[in-house]
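Engineer: Sharing a structure here in structure tokens format.
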Amino acid sequence: MDGKAKTIVWFRRDLRIEDNPALAAAARDGCVFPVFIWCPKEEGQFYPGRVSRWWLKQSLIQLELSLRSLGAKLVLIKAQSTLEALLECIGAAGATKVVYNHLYDPVSLVRDHDIKQKLGELGISVQSYNGELLYEPWEVYGDDGHAFTTFDAFWDKCVHMQNEPASQLPPWRLDLCAGSVDGRSIDELGLEDESEKSSNALLGRGWSPGWSNADKALTEFVENHLCDYSKDRLRVAGNSTSLLSPHLHFGELSVRKVFHLVRMKHLLWSKEGNHDQEESANLFLRAIGLREYSRYLCFNFPFTHERSLLSTLKFFPWHADQSHFKAWRQGRTGYPLVDAGMRELWATGWIHNRIRVIVSSFFVKFLLLPWQWGMKYFWDTLLDADLESDILGWQYISGSLPDGHELERLDSPEVQGFKFDPEGEYVRHWLPELARMPAEWIHHPWDAPISVLKASGVELGLNYPKPIVDIDVARDRLIEAIFTMRGKEATARATNFNGTDEVVFDNSETSEIVGNPKAILKEKLPCPTSSSHDQRVPSLQNSKNVILNRKRPMPAEDKQPLRDNVHNCNHNGATSKTDDDLRSTAESSSTKKQTTSSRTSFSVPQAVSLPLKVKPFPECESSGPVEEEIDTEETSRENS
């Protein structure tokens, strides 16, 4: 074993043996030292919520068992600094290389970039791999070199890529490096507090974390449920979607494997002329594409966890109303479908994709609350909390994307209720106070006759709240806010007439854009960390260039592009302004003041306990999409 390379395999959100490029590369080269480092301090404001940490704990337990069966063991470390923990492992094992699989959220981009630089300076080889996506974000650009800002253009480019995503065979045996560090047991990591264990025990009734269980869930879905996905996915009650999103978030499933299995079904059904099943497979592939797109946006626009992609939204007069935020969290808005969704989320850590769209749309359009608050609450409470997908979903709903919901669009929860829960089964399950309401009135009890309310045991304002805001009032407030936003936008445009600022544009449309900045990937001098697989660093080339806002047609006086400040980036040197720009957008706002240009910034309130007596996690009731926080094809046609 002395002549073999010794490699630290740094596990993060790639908790699987199969198709794990970093693990496979290390196993080919020699002996391995697998490690998982839990560093709560570095998580900052994106410290995982209770149910997400429960899943992580269970997944690590199964990964440890799998590694032991192959001849290795997983070292668990709780540290104040990931870099110091890695250096300790390198010293203990006598390793000369560190390998890991890429992550694309803004916090991880900064941390990984810093760690790679510092290890490289110490002469430690660092190589990273794509274990998360079909294609790396820097592989998918338009013919002019610009990053895509609409999903359809991005996904069309992906499906026509020439190189086929390749999977890695799992190692059949691992050689373990000698050496030991002060590791922790799974309980000593502190992923689960004593006070949380009773609630978490209910989660095990409906979910089976771990990569081998994920593989079984994938097989079950593809073989038995994919064929009906196109119609089942719209039902908000019961198991109507794949249930794969938490498995994908923690890297228990290879997205390449998912993609290939579904595409094979798509080709088969297409050949057989089975159009309904072909459509199901196609919709599911688009769901995978949305997950890819969420990473793509976070890489190319690493500020999107803090501010909107379209800069016009920085002028929107959000209402930072804590009482409305609390009512939304507690499921006390007076709109039954919204309240049912929020109570299910608190009780189970899960809600159907359609319900996610409805509750988030209500949050932004009815209550005018800043979308960043909702995104953070989803992060704190969802079992499949995924920062990139949450960013995409909330930006889409808030009208912050070129192909997102129109800001003017106001969907009625009442109409949505009759469309997706026509008999009221879902509402009755999660709102027991409305259990006896007839289906005719269950989605708008405020209109029900007094006799119906009395027979149903409903006292509006007492055992069930009246609507927090009337829909007509909400519509008027939204229109007024949009007018205010456009007025401020026009003022800013006049002030910045010379133009040094940036907003995004839809480069999928063919038009001449003069001086449009391209996404420049920072190049580095050859060093021990260089590899064709390595993660790259996003940047922007020229602060004087302009990206046009092409979201949707506007009145003639509003057609000039609004401009927003961008950083001028220097691509030379280890401590270039690229590093500062990337760090400024990704560091936790709880430890560093935001440096992104925004007229108004919001701090996200801390989550509070929900004083509701709700039903426990229903056995096998969970349902949801494959990392799909938005449904562009369906929602673009809905105008209720």
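Heads up, the Cβ atoms here are built off N, Cα and C, so glycines get one too.
Straight from TrEMBL, here's the annotation block:
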DOMAIN    5-134  domain 'Photolyase/cryptochrome alpha/beta'
BINDING   Tyr229, Thr241, Ser242, Leu243, Leu244, Ser245, Phe284, Asp384, Ala385, Asp386  FAD binding site
SITE      Trp318  site 'Electron transfer via tryptophanyl radical'
SITE      Trp371  site 'Electron transfer via tryptophanyl radical'
SITE      Trp394  site 'Electron transfer via tryptophanyl radical'
REGION    524-640  region 'Disordered'
COMPBIAS  528-546  compositional bias 'Polar residues'
COMPBIAS  554-566  compositional bias 'Basic and acidic residues'
COMPBIAS  567-576  compositional bias 'Polar residues'
COMPBIAS  585-603  compositional bias 'Low complexity'
Engineer: Give the distance between the Cα atoms of Tyr229 (FAD binding site) and Trp318 (site 'Electron transfer via tryptophanyl radical'), rounded to the nearest whole Å.
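Structural biologist: It is 37 Å, counting Cα to Cα.
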Engineer: Please compare the recorded positions Phe284, Trp318, Trp371 by how many other CB atoms fall within 10 Å of each one's CB, and tell me which has the fewest.
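Structural biologist: Each of the recorded positions Phe284, Trp318, Trp371 was scored; lowest Cβ tally within 10 Å is Trp318.
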Engineer: How many other Cβ atoms sit within 10 Å of the Cβ of Ser242 (FAD binding site)?
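Structural biologist: A count of 28.
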Engineer: Measure from the CA atom of Ala385 (FAD binding site) to the CA atom of Trp394 (site 'Electron transfer via tryptophanyl radical') and give the result in Å, rounded to a whole number.
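Structural biologist: Checking the Cα atoms of Trp394 (site 'Electron transfer via tryptophanyl radical') and Ala385 (FAD binding site) gives a distance of 13 Å.
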Engineer: Among the recorded positions listed here (Tyr229, Trp394), identify the one with the smallest other-Cβ count within 10 Å.
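Structural biologist: Among the recorded positions Tyr229, Trp394, the lowest count of other Cβ atoms within 10 Å belongs to Tyr229.
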Engineer: For Trp371 (site 'Electron transfer via tryptophanyl radical'), identify the closest of the binding-site residues Ser242, Leu244, Phe284, Ala385, judging by Cα separation.
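Structural biologist: Answer for the nearest of the binding-site residues: Ala385.
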Engineer: Do you know offhand how many angstrom separate Trp318 (site 'Electron transfer via tryptophanyl radical') and Phe284 (FAD binding site) by C-alpha?
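Structural biologist: If we compare the Cα positions of Trp318 (site 'Electron transfer via tryptophanyl radical') and Phe284 (FAD binding site), the gap is 35 Å.
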Engineer: What is the number of other Cβ atoms found within 10 Å of the Cβ of Ala385 (FAD binding site)?
Structural biologist: 23
Engineer: Across all the protein chains here, work out how many other Cβ atoms are within 10 Å of the Cβ of Leu244 (FAD binding site).
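Structural biologist: I count 25 other Cβ atoms within 10 Å of it.
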Engineer: Grab the FAD binding residues from the record (Tyr229, Thr241, Ser242, Leu243, Leu244, Ser245, Phe284, Asp384, Ala385, Asp386) and give me their largest CA-CA distance in Å.
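Structural biologist: Max Cα-Cα spread across the FAD binders: 22 Å.
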Engineer: Within the domain 'Photolyase/cryptochrome alpha/beta' (5-134), count helix residues (DSSP H, G, I), strand residues (E, B) and coil residues, in that order.
Structural biologist: 64 helix, 30 strand, 36 coil
Engineer: Mean pLDDT for the domain 'Photolyase/cryptochrome alpha/beta' (5-134), as a whole number?
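Structural biologist: The average pLDDT of the model in the domain 'Photolyase/cryptochrome alpha/beta' (5-134) works out to 95.
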